[in-house]
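Scroll down for the structure; my scribbles are underneath it.
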Amino acid sequence: MDAKKAAGEKAAEYISDGMRIGLGTGSTVYWTILRIGELVKEGLRIEAVPTSVQTEKLAREAGIPLLPFARLQAPLDLTVDGADEVSPKDELIKGGGGALLREKMIASFSDRFIVVVDHSKCVPELGRFPLPVEVVPFGWEMTSKQLGQMGCEPVLRMKEGAPFVTDNGNYVIDCRFGSIPNAGELTVELNKLPGVVENGLFVNMADLIVVGHSDGTVRTKSGS
Ligand SMILES: O=C(CO)[C@H](O)[C@H](O)COP(=O)(O)O
């Protein structure tokens, strides 16, 4: 069995009737969304907030009732999302799909945040995956230079020959740090740069990590 499918489907087991949930973005949570769609068809009553236009489309196709984030009166019960790297301290790099800002906003407004990954995402230290940083298009060259001065190699993300544009109309600069020994400090420093909207470090946010393996088994680990 596909490791991503195993992890993604497992996370759907944490969803119960009446919940309002956040739906992440990517090829692992894809399986969670499909499974939730099946459960909805079987009678599960939930409402969901998507973290991207891509997920909104998928959730609609799966028949999942949607709720606008702006209308929430209280935190979501649960958000399920993928990650690009997970450290032994359960710190994450996210944003490989470019949805990091909405993902962070929605995970932050959730009582519980479940992360679904295949085993290859669990690393001894964050930083081999280039850290996505969402920046405003105005003066991005200057922001990129400032990011470079923080010890990384910054590269503007491109798509089909033009800068990749997020659902929020911003750019993404992928920052190759190589090693991120202190994610908590780095996330604060990055967000101090005026041109930065948000960065892909998720620190002290994950409540449960669901790790899928290629033999179809799944291990869960409580977030620290
Ligand atoms: O942060 C994300 C999108 O912005 C994704 O969750 C992350 O890139 C992991 O994706 P996948 O499950 O496809 O490997």
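The backbone N, Cα and C atoms fix where each Cβ goes, and this holds for glycine too.
Taken from TrEMBL as is:
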- Thr25, Gly26, Ser27, Thr28, Asp81, Gly82, Ala83, Asp84, Lys94, Gly95, Gly96, Gly97, Lys121: substrate binding site (BINDING)
- Glu103: active site, proton acceptor (ACT_SITE)
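Taking the features listed in TrEMBL, we show where each one sits on the structure.
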{"residue": "Thr25", "record": "substrate binding site", "Cβ contacts under 8 Å, 6 or more apart": "Pro50, Thr51, Ser52, Gln54, Thr55, Asp81, Gly82, Gly97, Ala99, Glu103"}
{"residue": "Ser27", "record": "substrate binding site", "Cβ contacts under 8 Å, 6 or more apart": "Lys4, Gly82"}
{"residue": "Ala83", "record": "substrate binding site", "Cβ contacts under 8 Å, 6 or more apart": "Leu92, Ile93, Lys94, Val115, Val117, Lys121, Phe202"}
{"residue": "Gly96", "record": "substrate binding site", "Cβ contacts under 8 Å, 6 or more apart": "Gly26, Asp84, Phe129, Pro132"}
Lys94, Lys121 as binding-site residues, winner by CB count within 10 A: Lys94
Local backbone state of Lys121 (substrate binding site), from DSSP in three classes: helix
Cβ packing number for Asp81 (substrate binding site), 10 Å threshold: 32
Cβ neighbours of Glu103 (active site, proton acceptor) where a neighbour is any other Cβ within 10 Å: 31
Substrate site shell beyond Thr25, Gly26, Ser27, Thr28, Asp81, Gly82, Ala83, Asp84, Lys94, Gly95, Gly96, Gly97, Lys121, criterion: Cβ within 8 Å of Cβ centroid: Gly24, Val29, Val117
